[in-house]
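Report on the structure given below.
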Amino acid sequence: MNDINRTDQNDNIRQNKATTFEIGFKTRQDKQKGRESILNKLLSAIPSLVETKQYIGVLICGLTLWGTSWFLFKDAVLPGSYIFNMSGVIIAAYCFGHALERFTTINPVVGMTFMGALYRNLGTTNFLENSTADSIDFHLRRIYPVIILTKGPLSWNWEYIKNNPVKVFSLATLPWIIECLSTAFLAHILLNYQWKWGLHLGAILSSVSPAVIVPTVVALKERGLGTKHEIALLVGNAGGLDTAFTEGIFGVTNSAIFYEASLTYKIIKGLLAIFVGICLGIAWGVLCDVIPDHNDLYAPTVRSLLIFGGGILVTYAGGYLGWGGTSGVAIMVCAGVAATRWSRRGWPINDNPVSEVYKLLWRIFEPMLFTLSGYFLDVSQLNTKELCLIIGCIISALFLRMLTAFLVGLANNLSIKESVFVSVTWIPKAIVEAVLVRVAADSILADASEEDKRTAAQHANIIVIAILITSTAGSVLTTALGPILLSQDSRISPGDFYRAQTLSPASSFHDSSQIRRNNAPSTLSIYL
């Protein structure tokens, strides 16, 4: 009996040792996989040889342009000058934004905006106090909308919009309306804004920015996530129409508040502004299709210039005449009509020569827009109480927007998880807000009260804070929640999804590299 007991004890000891060995071996394997995963992520963040050559080429071009500018502007472009400081901040912000994107899931526009704000509050000089630098920024904001509002409609999937009009238009308009009205109410209650100022602010902050999250949504789609209800198409196209809606309504609101005229004229102008914009856009879009001939060797160049020239003209004319909203609607309708007509002649939507031109233009102007917009955040004008109230106003209105987007998703037969994901994609604010960051200060009347002047100045602070908070949250949450909420099969749990990814390191490395590439600036040009 004793021998039998000793034998059992020996067996138990051997089993325990074997189990301990297996657990220890598994732990070492997990640590090894963890080290390999970290190494793969670091390697994927290092610029490739092609990218390095591209950066060197851009650097050389910048140096040659700067050297040439000295012969034209002399001391105005030397180190320490306002224009040199402005250019230096933009370049630094571009580098920081894309470095942030490589090592995190945060969109580069956040880094660019942050760098602009950082220099404004820690820098030694305010370059916008210089009339030349301020004039450059002012006129750049007449060019940005032409590029942005043209690039978007050139890439819209009109077939998808035509087949899903209720889903797309309800998601584009209902959350916008709710956030605009809630922002106006909260600004009146929390910040003591007049109703006109609250509506003005709400019309700006209600615009979503699909460009911040669409690259991630497209990357998820390529992994087979969210394909059942075409979430990527829904988010991209509804977001683009949200921008169009913002452009029209905000333009009318801004003109009604700031341009002196009789009430009757304001009402008539408000009713006609969008209609006139649509008519102008259709006419110019048809012109850009008919002229030049489609088979002309220089058709892409001439058509790009026609759209750009017409957009610049109608932007300045609309601002001069006080017909806000007309120019933006005209530009978007023109691009949409032209792209549709070109597609019938063999130029695919979002894959035609003109869209490639505007994607390149956006790559150039994007760092300028966000860096110079972040520069309008002046923390010296804010105290702790005001900052908390501003953040509370932004987050509360955003919550109501997300709730509305969630309910719209459910009403359009999306699952609960898909509806939650769509509501998360409706968080970011970036492009429209950045373009309009100084519009209140520029539009205010000369004889305005001190309260109105202070409110106009505070508008810029609120907008920049909203960009930094919502774009960061939108980028992070979309990346983190996408695999959880958009599984191909509802029976797949999040743990199973991640476990499947970690079982094949090579595949995981490829996927992570693919996501990084899809997050690159070139992918931002898919939608607005």
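Even glycines carry a Cβ here, placed using N, Cα and C.
Under the heading transmembrane segment, TrEMBL lists 55-73 (among others).
The feature transmembrane segment is assigned by TrEMBL to 79-97 (among others). Long-range contacts of the transmembrane segment (79-97) within its own chain (CB-CB distance under 8 A, at least 6 residues past either end) are made by residues 62, 66, 73, 108-116, 119, 123, 125, 127, 129-130, 132-133, 136, 367-368, 370-372, 374-375.
As annotated by TrEMBL, domain 'Cation/H+ exchanger transmembrane' applies to 95-480.
Distant neighbours of the transmembrane segment (168-191): 160-161, 197-199, 201-203, 205-208, 234, 237-239, 241-242, 244-246, 249, 386, 389-390, 392-393, 396-398, 400-402, 404-405, 408-409, 411-412, 422, 426, 458; these residues of the same chain sit at least 6 beyond its ends, with a Cβ under 8 Å from one of its Cβ atoms. According to TrEMBL, the transmembrane segment annotation covers 168-191 (among others).
Taken from TrEMBL, the feature transmembrane segment covers 197-220 (among others). Residues of the same chain lying 6 or more positions beyond the ends of the transmembrane segment (197-220) and with a Cβ under 8 Å from any Cβ of it are 105, 107, 109, 175-177, 179-188, 226, 231-232, 235-236, 239-240, 242-243, 246, 249-250, 253-254, 257, 394, 397, 401, 425-433, 436, 439-440, 452, 455, 459, 462-463, 466, 471, 474-475, 478-479, 482-483, 486, 514-515, 518-520, 523-528.
The annotation transmembrane segment is assigned in TrEMBL to 267-286 (among others).
Annotated transmembrane segment per TrEMBL: 306-339 (among others), in sequence order.
For the transmembrane segment (389-408), the residues of the chain that approach it from at least six positions outside its boundaries are 170-171, 174-176, 178-179, 182-183, 186-187, 190-191, 202, 205-206, 382, 419-420, 422-424, 426-427, 461-462, 465-466, 469-470, judged by C-beta separation under 8 angstroms. For 389-408 (among others), the entry in TrEMBL reads transmembrane segment.
TrEMBL lists 420-441 (among others) with the feature transmembrane segment. Same-chain residues lying 6+ beyond the ends of the transmembrane segment (420-441) with a Cβ under 8 Å from its Cβ atoms: 107, 109, 113, 137-138, 141, 144-145, 148, 171, 175, 200, 204-205, 207-213, 217, 226, 231, 234-235, 239, 243, 246-247, 250, 254, 369-370, 373, 376, 398, 401-403, 405-406, 408-409, 414, 455-457, 459-460, 463-464, 466-467, 470-471, 473-475, 477-478, 481-482, 485-486, 528.
According to TrEMBL, the feature transmembrane segment maps to 461-486 (among others).
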**Asked** Restricting to the same chain and to residues at least six past its boundaries, which positions have a Cβ under 8 Å from a Cβ of the transmembrane segment (55-73)?
**Response** 47, 83, 87, 91
**Item:** Residue numbers, six or more beyond the limits of the transmembrane segment (306-339), whose CB comes under 8 Å of its CB atoms
**Value:** 142-143, 145-147, 149-156, 158, 243-244, 247-255, 259, 261, 269, 273-274, 276-278, 280-282, 284-289, 291, 347, 349, 352, 354-355
